[in-house]
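Colleague: Quick one: this structure, given as structure tokens, is what I'll be asking you about.
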């Protein structure tokens, strides 16, 4: 297919009223990516040189999302009136008129669309078809338009209400997705009339129009997941489950161990190397890369972070955006790391917050250590040198530097830099008063008794 040019027209103008949301339907997410983003990726993977998004409801929000996505060529067209699918496709007339070998028509609410089925439809065009319609076989075909075939040709798409008793027995159904030969696309769609009860222009009419002109029209079969759109929150959750199950399997087959795969939740761009172990109940947000041989313990939450080879994270750890856990470093239980580099072999084992910081190679951060990075207006950096030892329950008030090999005594609050190999105390000297504990206890007990008696 490399020598055939292709335009994908993505219909994303639907109202999406059944989602009951102020957010446009196509911007609801599967695996951390907007549904229309999945469709754009599928079209690009199927060889589309250019994308034309037709937007309507929430046009500015959809436009803002689409413009952030990478594409060799991406155009956005607004469908001002909702007059049917053929009318929607013609909103992208400018893009179609540039002259592509293949034109794909897909929907922005089909997040599970597999690039392979689009490639299969394009292959039909390469073999001489003018139109290739994507069909599927649902367990119960009720409600779907039927694909009527005769001697290997698709002769009509019949809505169920218009089907004969014999046609209702057909289980091959219309998904709405089409591939159209570019040289015929505009001519065919321009002939669609709105002579129906709703007064709309239906793209499916081009099947019969093409047949009347003696052009070859065929059907290409896809799995149900690729063919079904999302209309409400329940279907969104079902699609999420299907997507997650598929992605988990791909990771396991690539050499990643998921101890309880059904409890691990991934994002569209999650990267995990072989020989990494993921324990139960781990959540990956967008922007995560885990190298080979890492170990992510249970109940960890990771987003926009990098974990390098041999590092361990968790249990109950949170890596926020900008966290870098380098080779053989350790992030232990109930730790939060944000915009910080934990260098090779460094340890943050328990109950710590490390934000806007660098922790040098081999450094050890005691339990309860906090980098105080925010003064109410700005974030400030904490630098902890290689091999430094930070005692438990210490507060490092940024901006501050702890030199390589330095020791910080437990319970310290440090506001000044500590030189390399120095020992720093940032707490008041302990004072002990013999017998005063009993005096205080007796006094407080007497006051309590007076209040109780009153």
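Placed from the backbone N, Cα and C atoms, the Cβ positions cover glycine too.
Quick paste from Swiss-Prot:
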{"type": "ACT_SITE", "residues": "350", "note": "active site, proton acceptor"}
{"type": "BINDING", "residues": "11-14, 25, 79, 84-85, 145, 159, 174, 231, 320, 338, 353, 364", "note": "UDP-N-acetyl-alpha-D-glucosamine binding site"}
{"type": "BINDING", "residues": "109, 231", "note": "Mg(2+) binding site"}
{"type": "BINDING", "residues": "367, 373, 374, 410, 427", "note": "acetyl-CoA binding site"}
{"type": "REGION", "residues": "1-233", "note": "region 'Pyrophosphorylase'"}
{"type": "REGION", "residues": "234-254", "note": "region 'Linker'"}
{"type": "REGION", "residues": "255-454", "note": "region 'N-acetyltransferase'"}
Colleague: If you count other CB atoms within 10 A of each CB, which of 353, 374 wins among these binding-site residues?
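Modeller: Per the Cβ count, the most surrounded site is 353.
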Colleague: Using all protein chains in view, find how many other C-beta atoms are within 10 Å of the C-beta of residue 13 (UDP-N-acetyl-alpha-D-glucosamine binding site).
Modeller: 27
Colleague: Summarise the region 'Linker' (234-254) by DSSP state, stating how many residues are helix, strand and coil.
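Modeller: Going by DSSP assignments, the region 'Linker' (234-254) contains 20 helix, 0 strand, 1 coil.
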Colleague: Suppose we draw a 10 Å sphere around the Cβ of residue 11 (UDP-N-acetyl-alpha-D-glucosamine binding site). How many other Cβ atoms does it contain, all chains included?
Modeller: 28
Colleague: Using Cα coordinates, what distance in whole Å links residue 25 (UDP-N-acetyl-alpha-D-glucosamine binding site) and residue 109 (Mg(2+) binding site)?
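Modeller: For residue 25 (UDP-N-acetyl-alpha-D-glucosamine binding site) versus residue 109 (Mg(2+) binding site), the Cα atoms are 7 Å apart.
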Colleague: What three-state class does DSSP give residue 174 (UDP-N-acetyl-alpha-D-glucosamine binding site)?
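Modeller: Assignment for residue 174 (UDP-N-acetyl-alpha-D-glucosamine binding site) reads strand.
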Colleague: Which whole number of Å gives the largest C-alpha distance between any two of 367, 373, 374, 410, 427, the residues noted as binding acetyl-CoA?
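Modeller: Across 367, 373, 374, 410, 427, the two farthest Cα atoms sit 22 Å apart.
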Colleague: Which ones are near residue 367 (acetyl-CoA binding site): of the recorded positions 11, 13, 84, 109, 174, 350, which have a Cα within 10 Å?
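Modeller: The recorded positions close to residue 367 (acetyl-CoA binding site) (Cα within 10 Å), listed in sequence order, are 350.
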Colleague: Report, in whole Å, the straight Cα-to-Cα distance of residue 374 (acetyl-CoA binding site) from residue 174 (UDP-N-acetyl-alpha-D-glucosamine binding site).
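Modeller: Answer for this pair: 57 Å between alpha carbons.
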Colleague: Let me know the most crowded of the binding-site residues, choosing from 84, 410 and counting other Cβ atoms within 10 Å.
Modeller: 84
Colleague: Using a 10 Å radius around each Cβ and counting other Cβ atoms from all shown chains, which of the binding-site residues 25, 174, 427 yields the largest count?
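Modeller: Max Cβ neighbours within 10 Å, all protein chains included: 25.
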Colleague: Take the region 'Linker' (234-254) and average the pLDDT across it for me.
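Modeller: Summing pLDDT over the region 'Linker' (234-254) and dividing by its length gives 98.
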